[in-house]
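The structure appears right after this line, and notes come after that.
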Amino acid sequence: MPTSLLQSIDSPTDLRKLPESDLPKLADELRQFIIQTVSKTGGHLGAGLGVVDLTIALHYIFNTPDDRLVWDVGHQCYPHKALTGRRDQLHTLRQKDGVSGFTKRSESIYDPFGAGHSSTSISAALGMAAAARKQKSGNKAIAVIGDGAMTAGMAFEALNNAGHDRRNDLVVVLNDNEMSISPNVGALSSYLSKILSGDAYNQIKTGAGTVLERLSPTLLDAARRAEEHMKGMLIPGTLFEELGFTYFGPIDGHDYQQLLPTLRNIKRLTRPILLHVVTHKGKGFAPAEDNPCTYHGVSPFDPDTGVMQKSAGGPPSYTKVFSDGLIELAASNPKIVAITAAMMEGTGLSAFQKRFPERFHDVGIAEQHAVTFAGGMAAEGEIPVCAIYSTFFQRAYDQFVHDVALQNLPVIFALDRAGLVGADGPTHAGAYDLSFLRAIPNTTIMAPSDENELRRMLATAAKLGKPAVIRYPRGNALGLELEPMTPIPVGSARQLRDGADAAILAVGEHAHAALAAANTLADEGINCAVYDARFIKPLDAAMVRAAAKTGTILTVEENAVMGGFGSAVLEKLSEEGLLAGGVRFRSLGIPDRFIPQGSQKELRAELGLDAEGIAAAMRALRA
Ligand SMILES: Cc1ncc(C[n+]2csc(CCOP(=O)(O)OP(=O)(O)O)c2C)c(N)n1
Ligand SMILES: CC(=O)[C@@H](O)[C@H](O)COP(=O)(O)O
Ligand SMILES: [Mg+2]
C-alpha cells in the first residue's frame, strides 16, 4: 500500500477507487506536488491551486474521459494533468517538447478541447453535448469557467444558445474566486458577489444537498422543484435561471461534503445546469492566497517562502517602456485614455490606472467590446489607446475593421507580445497581426526596433488622427538612454548600414540581428545594406527601390511569412515593376505551421530568425 495517494493514481479510474474520506488527503498531496513542480518550472500557479478540490471531485463523480471535461483558458489544468496520467511529465511543463501549460487535444484523451484563450469552454462543451445527443452516446459535457472568463461576450453567446433548449445536457461549472488576473471587474462580477453574500440561502442549500442525495430520481425531481421554488423566494430570479439554466449554488468548492453530493445530483439531470462554486485562488499556498495577482503566473520560486527568482535584471521590458511613454504623453495630452481587456498588469497599464484613474478603463475579458468601446470614445474626440496582446487582438478583427478603420477613427492599438512568446506556446504567439491588419485600409502599422523607436511611434500615433497600430515583442528592450518622444515621418524607414551586394529589410528588433548578420557577411565579402523598416504600412517605397537596386532582397520579420511584411515588399516590387530586373528575393519569418512552445531564443534559432539564421539565409539566396 503506497503511502502517497497521489503516486497511486495514474488515471481517474484509480481516483474513483478511493474512499471519499481519502480525498482531502489526496488534495493536500496534489497541492504540494503542484507547488513543488511550478516552483521549478514557473507557470500559472494560483488558478490551479484554487481548483484542486474541484478537479478531484469532478473526476471522482463524472466518468471522464467519456464525460467531456472542458477547462476554460486551461491555465488551471495542472492538477487535472497530474490526475490524468501526466504527473511524471509535469516537470517538463511549458518547456520545449514538454507538457503544455494549457489543455491540448494531442496530449491526452482527457483533454477533449484545447484552450489558451478564454471563454470558449461553454461553446465547446455545448457543441459536444449536441454531438452526444445526435450520436446517442450518453456522454455528459461539463464546462468549467472562471468568473473572469465569464465576462466575455463569447460566454454569453454560449449561455444564450444553451439555455433555450431544455434538452441540452450541459453542465457549466462557474468557478468564482472573485479574481480575473487582477480583481474581476464589471456588473456580472458585482452580481456574483451579491449572490455570494446571500447567507440565508447558502445555509439552507448546504443542508438540502445532503438530503437530496439520498432521494430516488422521481422524488429528487419533486424535491428539486420545491427547492427551486424556495430558492426563487430567497434569491429572486437569478440571471442564469432566467436564461434557462437550473442554478445550483453557491457551494464551497473546497468542501467535499458539498461538492460530491451536489455533483452526484447534477449528474442525474439532463438539462442546462449552472453550478456556482466558490473557490479561493492560490488555495493552500499562503503567498498565492494573499497575493493572487502576483501568483497568477510565476517565474521559478522558493516553495517555502514563495519568493520568486529575480530576473537577470537588465533593460526594461518593452511593456514598461510603453507604459512609461504613454504616461508621459498623457501628462501633456488630456485626450489620451487607456483601455485594457482584463490585462492591466500584463500590458503595463496598471501604472496608468494609478496615475490617471479617470482616464483608465478595464472592460473585462472582452477584446471585441474593448475595440468598439475605443471607437466610441474616439468618435467623441478622445484618443483611446487600446493595449491588447497581439494574440488576443485576433478576437477583435471585425471590430477593428468595421468600428474603427472603416470610420477612420483615431484609436491607437498597442499590440504587446507580438511574435513568439515562449513558454505559453502557439495559443499565445502573436504571429499574425501584420498579415491580418495590413489588408485593412486607413491603417498605419509600426514596429519599433528599440525603446526610443517605441516612444517615438507612440508620439507619431498620437498625432496621426487615424487608426494606428504599434506591435512590440515580449521581452526586454535594448537598454538605450531614453530620448525625447519626437514623432517619426509616417512611412519612413531607417537605413542602418550601406551595402551594394544585397539588402536586408527587417521589422522590429530583428533589425539588430540583421545588422549583426550583415557584419558577419561583410567579413565574407558580401556587403549588405540593412534597413529598419519601422512602418509595415505605409511601406517606405524609397527603401524598396534602393533594395531592388542591389538585386538581392531578404526580408525578416517575426510574423507569419504569409501575408506579412515580406509579402508587402513583394507587392511593392511587383507594383513598381522592379521584379523584371531579376531580383532574388526571400522572406524570412514564421513558416506556415503552428510553432510549439519553447524559449524565444530556442525558437528563433530553430526558425533561423537570429543573426546566424539571417546570415545563412542570405548566403543561400546568393548561392
Ligand atoms: C481572450 C483572452 N483574453 C485574455 C486572456 C488572459 N487571461 C488568462 S487567464 C485570465 C483571467 C481569467 O480569470 P478567471 O476565468 O476568473 O480564472 P482564474 O484565473 O480566476 O481561475 C486572463 C485575463 C486570455 N487567456 N484570453
Ligand atoms: C493564461 C494567460 O493567458 C495569461 O496568464 C498569459 O499566460 C500571460 O502571459 P504573459 O506572461 O506574457 O503576460
Ligand atoms: Mg476567477
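Just so you know, glycine gets a Cβ as well, placed from its N, Cα and C.
All TrEMBL annotations are machine predictions without curation.
Going by what TrEMBL states, the thiamine diphosphate site holds HIS75, GLY116, HIS117, SER118, GLY148, ALA149, ASN177, PHE285, and the candidate of GLU20, GLU345, GLU358, GLU367 recorded there is GLU367. Mapped onto three states, the DSSP output places GLU367 (thiamine diphosphate binding site) in helix. Residue density at ASN177 (thiamine diphosphate binding site): 23 other Cβ atoms are found within 10 A of its Cβ, drawing on all protein chains shown. Checking the binding-site residues HIS117, ASP147, GLY148, ASN177, GLU367 against ligand 2, not one has its Cβ under 6 Å from it. Across the structure, GLU367 (thiamine diphosphate binding site) and ASP147 (Mg(2+) binding site) are spaced 16 Å apart at their Cα atoms. A straight line from the CA of ASP147 (Mg(2+) binding site) to the CA of ASN177 (thiamine diphosphate binding site) spans 7 Å. Residues HIS75, GLY116, HIS117, SER118, GLY148, ALA149, ASN177, PHE285, GLU367, recorded as binding thiamine diphosphate, reach a greatest CA to CA spacing of 32 Å.
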